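Database features, via TrEMBL:
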- 15-399: domain 'Cation/H+ exchanger transmembrane' (DOMAIN)
- 29-48: transmembrane segment (TRANSMEM)
- 84-105: transmembrane segment (TRANSMEM)
- 182-207: transmembrane segment (TRANSMEM)
- 227-252: transmembrane segment (TRANSMEM)
- 272-295: transmembrane segment (TRANSMEM)
- 307-331: transmembrane segment (TRANSMEM)
- 343-366: transmembrane segment (TRANSMEM)
- 378-401: transmembrane segment (TRANSMEM)
Amino acid sequence: MLIFLMGLCFVIILANFLANLFPKIPQAIWQTALGIILAMIPSMQNYVTSLDPQWFLPIVIAPLLFYEGQQTTKQYIIENSKEIFQLSFWLAFMCMGALMIFIHYVLGWPFSIALCIAAIVTPTDATALGSIKSNFETPEKLSDDLEMESMFNDATVVVALELSLIWVRTGHISPIEGFLTFIYAAVGGIIFGVLASIVIIFFRNYLLKHHFNDATSQVLIQLLTPILIYIIAEEIGVSAFIAVVMAGIFHHEEQEQTLLMSSQMTNLMTQLWGVLSQILNGIVFGILGVSLVIIFKNIEFLTDLHYYELIGISLCALLLFFVIRTLFYFYTGDDTIDKRFQWQNAIIFGISGVHGSVTLAMALSLPSIGLLDYRDDILVVSSFVIVFSFVIPLIVLPFLLPGRKIELTIDEVQEAHQEIVTATIAHIDTLPIDNQTKLNLSRRIHTQTGLSKRTLFSPKELKQITTSLSHDYYLAVQKATVKKQLSPEAVELFNRLKSAQQNNQTSLNVLFSFRRRQREFRSLKLENSPEVTEAKLVKVRQKIKHIDHQLKLIKLPFYHAFLTRRRKKLVIDYEYLSYFKKIIVSDSLKAAFKELKEILKPVTTKFLKDYDYQTENKQKVIALRQLLVLQSSQVDGQLDSKLSENQYLMALLQYELTFIIDNYRNNKYSQALFNQLYDEIISAQSTLLALG
């Protein structure tokens, strides 16, 4: 079982990749296809498990229905209760009745068996439907009607299936008894779902009000809610599907009412349910593909002629459903629009009756007793109905609906990130904080781009920029020296850093070579204290002396080579410590750095302006600006000790939030881009608060 679950996880991961590479093919198709491939791998034969309704419905389908309910408001259900009843009861009843009559009179199957198969293939699947129509711009009203139908029609068909099984066992059925059973199941499901939700919500709010708001417990309570409600509803004989959906709707209302009381918990649950629904959807279609393979492998005795007969039944059922659904929606749908569009919406509604895991689960739940001669045929017909209901909309809907436009491109998001980061790093330079904090904040803000800016430049181009900028700095310092705008200490510091830079020509700024050299010796943990540095020098000298003594005593080749490498590293550390001691930060050195910065800052600004004018690739301009601002902070970071940064980072995120809101109001950002950037920053703020 564990190996099978791991296989399903790989199916979900690979399907997500393929759906991104080929967006015109719905993710559900990839998941189902990969599930079929998984079941056909010889080494997986002993581990593959088919869909078992006993665990599949409560553990997988119930949470998905609960999540669908959470996306719906109570007010919407009340306002559209008439349409929901028409779609989930009358339409389902008409489809089942028509198919039952067709199967009985055309194929000669008993009425009880015909009702059984009609009940199984009638329900539409909300999960499958969502995947199919995700690639198309569906009218909002039509989309809502399709979702409401698929959420609530399960109750009708489950009652019909139970009645058909009673009919098979006893040989007779009472219409009045069937109607009362349906009323009990549907109304009982609504009442039980509402009451159970009220009890659970009251319990959760009681815990919150009395400060028993442990995140783990709250999460587990909500995750177990749909499973428990489904199991209990099944035990008391009411519609478990309706009960779970109603629970989801009432939990949506509870989230809105307690948003400010437990906003962090609400945000956590929203994110968790979003991820969980994606995983469960993948499991649904992965197992669907696996189960289809198992069904067809177990029914090898069917002749070709019988296969074609079952395929014909499946296609006739879908054609019958299409006609009934189209006419029903045309005469009961929105009559305020033009007749042509009314017919178009009706045809789309008729084609979009996608069947999925619920159909297969109901078929697999059939007992063998009383259905021995028909059970395998019902399984095959159900499987074909599922497959054809997937394929036909994919072929037809592109001719009826426009494709969903890609709201955001990767380049658009990346450009916005670069713009935000550039503005924020420039803002950091104006903050009244120590330079080390500026450095660290710049680094953390820079990670939002997700790119290494140095990779935008070739080594040759980087060297040209370095040489040109260094020359401009040299001329500026010479000019300032003549005008006596620099102290002798500042001039000496510049000459020392310029000399140090000559040993490494890849730096973008003559002021940065010292900082880069320090990064090579992070293990030394340097501090701006002459006493501490001297103590480290003494310790390194002692280690070198000890190694020299060992080299004289021990002549083993491999150990001798090890000691030699160790001594070489210590000598480098000693030289660097000596170098660091010479330029240890003092008040006079701080003043010298400040003088240099004031002189060189206008030079940097002019250089960037000229580079912007000469370069067509604006990404390089932004990248160079970020590097210079970042590395300028790195130099200043040598002068101050590190302070707590999260408080400043929170303020910077708020600055970014204001920045994107202003751009959105000025129509610089689209709604989709604004939503993505806004969600990113809000999530970052929430994470920062959680980390403290």
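Even glycines carry a Cβ here, placed using N, Cα and C.
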Tertiary contacts of the transmembrane segment (227-252) (same chain, 6+ residues out, Cβ under 8 Å): 57-59, 62-63, 65-74, 77, 151-152, 154-155, 158-159, 184-186, 188-194, 196-198, 200-201
Among 29-48, 84-105, 182-207, 343-366, 378-401, stretch most in contact with the transmembrane segment (272-295) (C-beta, under 8 angstroms): 29-48
Tertiary contacts of the transmembrane segment (378-401), as residues 6+ beyond its ends and Cβ separation under 8 Å: 25-26, 28-29, 32, 113, 116-117, 120-121, 128, 132-133, 136-138, 288, 292, 295-296, 299, 302, 307, 310-311, 313-315, 317-318, 344, 347-348, 351-356, 359-360, 362-364, 366, 371
Contact set, same chain, for the transmembrane segment (307-331): CB under 8 Å, 6 or more residues outside the stretch: 90-91, 94-95, 98-99, 102-103, 106-107, 118, 121-122, 145, 342-343, 345-347, 349-351, 353, 377, 380-381, 384-385, 388-389, 392
Sequence-remote partners of the transmembrane segment (84-105) [C-beta within less than 8 Å, at least six residues beyond its ends]: 77, 111, 113-115, 117-119, 121-123, 145, 148-149, 151-153, 155-157, 160, 182, 186, 313, 316-317, 320-321, 324-325, 328, 332
